[in-house]
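Among the features that TrEMBL reports, compositional bias 'Polar residues' is placed at 104-119. Taken from TrEMBL, the feature domain 'AAA+ ATPase' covers 210-345. Summarising the annotation, TrEMBL assigns domain 'Chromosomal replication initiator DnaA C-terminal' to 422-491. What TrEMBL records for 99-178 is region 'Disordered'.
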Amino acid sequence: MTTDEPVDYERTWHAALAEMSKHGIGSRDRAFLNLTRFVGLIGENVLLSVPFEQTKRMLEGPLREQVAETLSNQLGQQVRVAISVDESLQAAVQELDGAGTDEGASQTGSDANPDTNAQEPDHSDGTLGFSVPGGSQIAAEQVPRPRSAHPDVVLPPRSVGGRTDAPQPSDEEYSPRLNPKYTFDTFVIGDSNRFAHAAAIAIAEEPGQAYNPLFIHGDSGLGKTHLLHAIGHYVHDYHPKLRVRYVSSEEFTNDFVNSIRDDRAATFQRRYRDNVDVLLIDDIQFLQGKEQTQEEFFHTFNALHSSGKQIVLTSDQPPEKLTTFADRMRSRFKSGLTTDVHPPELETRIAILRKKANAERMDIGDDVLELVASKISTNIRELEGALIRVAAYASLQKEPVDRAKAAFVLKDVVPSETGQITVHQIIAETAVYFGVTVDDIKGTSRSRNLVTARQIAMYLSRELTEHSFPQLGQHFGGRDHTTVMHAEKKIRQLIGERQPIYDQITELTTQIRRRSS
Ligand SMILES: Nc1ncnc2c1ncn2[C@@H]1O[C@H](COP(=O)(O)OP(=O)(O)OP(=O)(O)O)[C@@H](O)[C@H]1O
């Protein structure tokens, strides 16, 4: 994380609590504040996390002003308060509750401040395990919530960068192309990504205002793309007049190269400078070594930045390690907020699997989820891949899997310790397995056998390597990335429906892993 002055969040929060207590804060409010964590300071936004929706609603009442004022005093700058629900904090609350040690919580039932219009506890959302008066008061200035999205953060409304009169996007030129599954709602927060998530929310709340650019880095499969899309959805839903564009670095490169080839520089500029308010650009490391594209990106970046438009970048490396970028580029990348994502700890991995299993209606017990989470620790994409295998097995067997069966399935799935698997190797192994040639796999024949072999090779390449969809498209005979996406989705579905496909995938994975170790 990069900030001007490192702030000790925990100490600041405790000091703020002490100050509010001195000024006679009611015990009910203190109970809510005791449940709250100071997660980050982004510009003038303090990001607080609470374990329950109900706690959030309480803090969004008149208490928020008081908290903001106290924190402003503590931090020596005017701040506003954003509140998000982080379900992972519930475990800590339950521990405290079980031990009866939460001072505020244990007092609240009997000692609620009479001035706060206390009501009976509301546990209708299955939340608080102790007595907290539940009269929720939504702040009058709450941002209106359009459509179905409901990220758990509310800031007082503000005009967005003075651009509320920006023209409505025209469908022809504008398409955010966001994966509907990658939202803030589906993103599980843990220590490994808490700050990155908070920063993403702050950016999405006020594009171009909080930090610009936001630079998120971390190893493959840790949620960077997910956060980019989540920002895109949020802006799309809450700032409908702002135009969001998500693009992978490969697509940006291709667009640029094609625009030069076809003499369509103006179209390119319109797409990336004029017709965009929030540019989300993924895997910036792929621009390394592409000098002309980097130069164009530099101009795009400057044009957007100088007109107050938000840029969010992701990379597998921090800016200072992107050594083939010109210094001026790297210093641009660092000029806003840099944050990273780490491999999630066990509890977060279990929570991710549980959320995924619920979303996909997979009937898998907690003990099995724990087993899967304990086997795969460094890459969430692999974690999800393992879950899909276990679910597929259960679906084919038509009975729930227990730990022993899951362990049996996972022995072929768990990544080998050594050896880098390449797409080239996967294509070669798949070709041999199906009795076809590498050229057949990369070629265009639509014969049924070949299509299956090709799609399986694409699926395995996505699962076993760190390449993005556009890169895989290149490996498979220069295909469009959407073809690889389609193949991955198709095989993911078939693996749970057809035993032969399941067996082929399992055998091939074992072979590929064995040969690479
Ligand atoms: N915190 C999280 N909560 C829920 N799902 C997550 C989380 N982090 C990652 N995932 C899921 O893990 C998978 C991989 O994540 P994603 O593609 O965002 O990784 P990435 O960091 O962009 O990887 P790469 O650098 O290879 O592009 C996605 O399906 C994503 O939804």
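Yeah, the Cβs are placed from backbone N, Cα and C, and that goes for glycine too.
Break the domain 'Chromosomal replication initiator DnaA C-terminal' (422-491) down by DSSP state and the numbers are 52 helix, 0 strand, 18 coil. The average pLDDT computed for the domain 'AAA+ ATPase' (210-345) is 93. In the domain 'AAA+ ATPase' (210-345), helix, strand and coil residues by DSSP number 68 helix, 24 strand, 44 coil.
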